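Here's the structure we're looking at; comments come further down.
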Amino acid sequence: GVGFKAGVKEYKLTYYTPDYETLDTDILAAFRVTPQPGVPPEEAGAAVAAESSTGTWTTVWTDGLTNLDRYKGRCYHIEPVAGEENQYIAYVAYPLDLFEEGSVTNLFTSIVGNVFGFKALRALRLEDLRIPPAYSKTFQGPPHGIQVERDKLNKYGRPLLGCTIKPKLGLSAKNYGRAVYECLRGGLDFTKDDENVNSQPFMRWRDRFLFCVEAIYKAQSETGEIKGHYLNATAGTCEEMIKRAAFARELGAPIIMHDYLTGGFTANTSLAHYCRNHGLLLHIHRAMHAVIDRQKNHGMHFRVLAKALRLSGGDHIHSGTVVGKLEGERDITLGFVDLLRDDFIEKDRARGIYFTQFWVSIPGVLPVASGGIHVWHMPALTEIFGDDSVLQFGGGTLGHPWGNAPGAVANRVALEACVQARNEGRDLAREGNEIIRKAGKWSPELAAACEVWKEIKFEFAAVDTL
């Protein structure tokens with residue numbers, strides 16, 4: 001019996017280890033596995049562990065030259081998904097040495113790179129990842145984080161207000177800058193480039209940057225508050241992105257923006273490093289996320305993309321509005337909002353959190369609520385998200401019948417009224433409409449906004465932005 005035993009053998013003989021004790025340094029993954037008919041769940045779970053770590057479809061001679069026990073991924077636990085037929089959660093532990101330090105790109109290439117096309121599976125979804133401190137400490141993380149951002153902006157004790165400039169495509173740079181100025185002058189903290197505003201024929205990036213920064217300075221001098229506009233630096237090459245970021249810095253802009261999924265994690269991490277080194281805040285848009293996270297049984301849950309972003313680096317990230325229709329959605333969204341903001345998050349399956357996550361010293365990221373929200377949602381948003389958030393009203397600002405600046409005034413008055421009411425101990429869930437209506441008596445701008453969008457029912461069941 002010299003040599004090795006060639007041939008195909010079942011994955012579960014090597015990669016299914018139900019008695020494995022996970023190490024503090026292991027990266028842990030929770031996969032939702034839907035096996036093909038006739039494939040036992042243990043084999044499916046082991047196949048995922050194998051194909052996303054050291055395994056291939058057959059035994060190879062060079063297996064003898066490595067220490068499989070040190071390097072293999074292990075499926076250490078499998079449980080059926082309640083209420084779903086033929087779906088299982090497979091827990092996989094990966095040894096730390098399988099991954100390059102400081103590279104989200106390499107982490108994803110390994111864990112979700114190849115295995116999703118695997119024939120033995122009908123579908124596969126990565127639900128959660130546990131990033132151990134030994135790995136997270138190899139990342140810079142967000143350029144600045146929540147506390148440093150508040151200090152830079154000198155804004156405390158309330159959510160920040162933003163607005164995406166619409167129509168998103170077609171405005172000239174000067175008219176675009178005018179819209180920015182009006183919103184900031186009216187009382188918003190930030191305005192935002194839309195995710196697909198890069199550098200198109202109708203508005204080149206350099207012209208936009210100049211007019212927007214002029215708008216920022218004008219609004220700052222008139223209001224005495226620090227203002228910002230998310231200048232979208234996303235471009236076709238990393239070099240071009242850094243060039244745009246450098247120009248923003250030269251102009252004295254406080255914050256730039258990146259589409260991290262279309263731009264890619266490598267580009268995002270480079271940009272985040274540049275931003276920390278040069279004092280720029282970094283706003284992250286999640287364009288393309290639904291391609292990856294919308295299917296319930298295949299792809300990746302957004303909480304994984306959110307964790308990856310906290311490692312790669314960003315100071316703000318879009319995270320849905322939560323004033324959606326489904327109760328469960330709210331808990332799940334708040335689960336990954338906490339994963340973005342807090343240092344330590346306990347395992348809590350009701351909120352979709354499969355693992356206890358300890359971020360050590362990596363700064364927090366501000367969640368951004370945007371999409372179909374307006375002044376009547378303000379009490380719900382204030383209560384749900386708390387102070388550490390950015391509330392973005394695009395149409396809810398620019399759709400005001402009197403124009404952009406009054407739209408901004410309406411939002412700011414509504415927010416300040418909600419924060420004051422909360423600080424006085426009032427119940428925003430029950431008294432929300434009343435608080436907004438009363439504030440409208442002192443602010444004609446808010447009264448006009450209330451009239452346009454009418455009040456909504458306040459079981460927090462408002463707008464469904466899927």
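Cβ coordinates are placed from backbone N, Cα and C, and glycine is handled just like the others.
As the structure is a computational prediction, the values presented were derived from the model and not from experiment.
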In Swiss-Prot, substrate binding by ASN114, THR164, LYS168, HIS318, SER370 extends, among ARG286, ARG294, ARG341, to ARG286
Between the C-alpha atoms of ASN114 (substrate binding site) and LYS166 (active site, proton acceptor), the distance in angstrom, to the nearest integer, is 39
Quick tally, other C-beta within 10 angstroms, LYS5, LYS166, LYS192, HIS318; top of the recorded positions is LYS192
Cβ neighbour count within 10 Å, max among the binding-site residues LYS168, ARG286, goes to ARG286
LYS5 (N6,N6,N6-trimethyllysine) to LYS192 (Mg(2+) binding site), Cα to Cα, whole Å, comes out at 61
Expressed in Å to no decimal places, the gap between the Cα atoms of LYS192 (Mg(2+) binding site) and THR164 (substrate binding site) is 4
